[in-house]
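Below is one structure, written out as structure tokens; comments come after it.
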């Protein structure tokens, strides 16, 4: 497995723990289903980032599944992250973000982030990622990628709907609030709950 993940840890840090102040997110501890779906999305061109597209182009599903399972089982300490980047956002923007993350935007039929990503925002098994320990500019960039079709998922693409319905300020606010939150001692995703009904249909939750 060491040889298989060498390219991963070169950017995402030892054990996929994440790195400070750059756009390479943490892989360790993310739900295996989520990691697998992202690897497949990069390989199949639904998610665009040329180094990842190139590295994964010819890798078969079982190979990607083993990589996803490997990183999902790890739980190293988070690196230090300067969540807001160079400039601290206005408190009013952070407050607006809290309202979106915890309450959604009812007028646009956008559910609260916590509804799907968990009350602690640690994610849910098998395929919903946690949202903590990320820089605000990384979160904004990912929402922008969904808005403009650079990042897509299997239809129906629930995150594309959410991101495209948000204004630029709402994106900035949600990102600022998420980046302001501390990473809890227990950052593992919530266990799978068969009774849970997501507020939006999400093709990305069709698990292998």
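Every residue, even glycine, has its Cβ placed from backbone N, Cα and C.
Residues annotated as heme c 1 binding site in TrEMBL: 8, 11, 12, 52. Residues or ranges marked as domain 'Cytochrome c' in TrEMBL: 92-182. Under the heading heme c 2 binding site, TrEMBL lists 113, 116, 117, 159.
In this entry, 8, 11, 12, 52 make up the residues listed for heme c 1, with the farthest two CA atoms of the set 12 Å from each other. Cβ atoms within 8 Å of the centroid of the Cβ atoms of 8, 11, 12, 52 (the heme c 1 site) belong to the same-chain residues 7, 9, 10, 16, 24, 27, 51, 55, site residues excluded. Surrounding the centroid of the Cβ atoms of 113, 116, 117, 159, where the record places heme c 2, the chain contributes additional residues within 8 Å, namely 111, 114, 115, 128, 131, 162. Comparing the binding-site residues 8, 11, 113, 116, 159 on other C-beta atoms within 10 angstroms of each C-beta gives the minimum for 11.
In sequence order, 42 constitute the residues six or more apart from residue 52 (heme c 1 binding site) in its chain with CB-CB distances below 8 Å. Taking the domain 'Cytochrome c' (92-182) as a whole, pLDDT averages 95 in the prediction.
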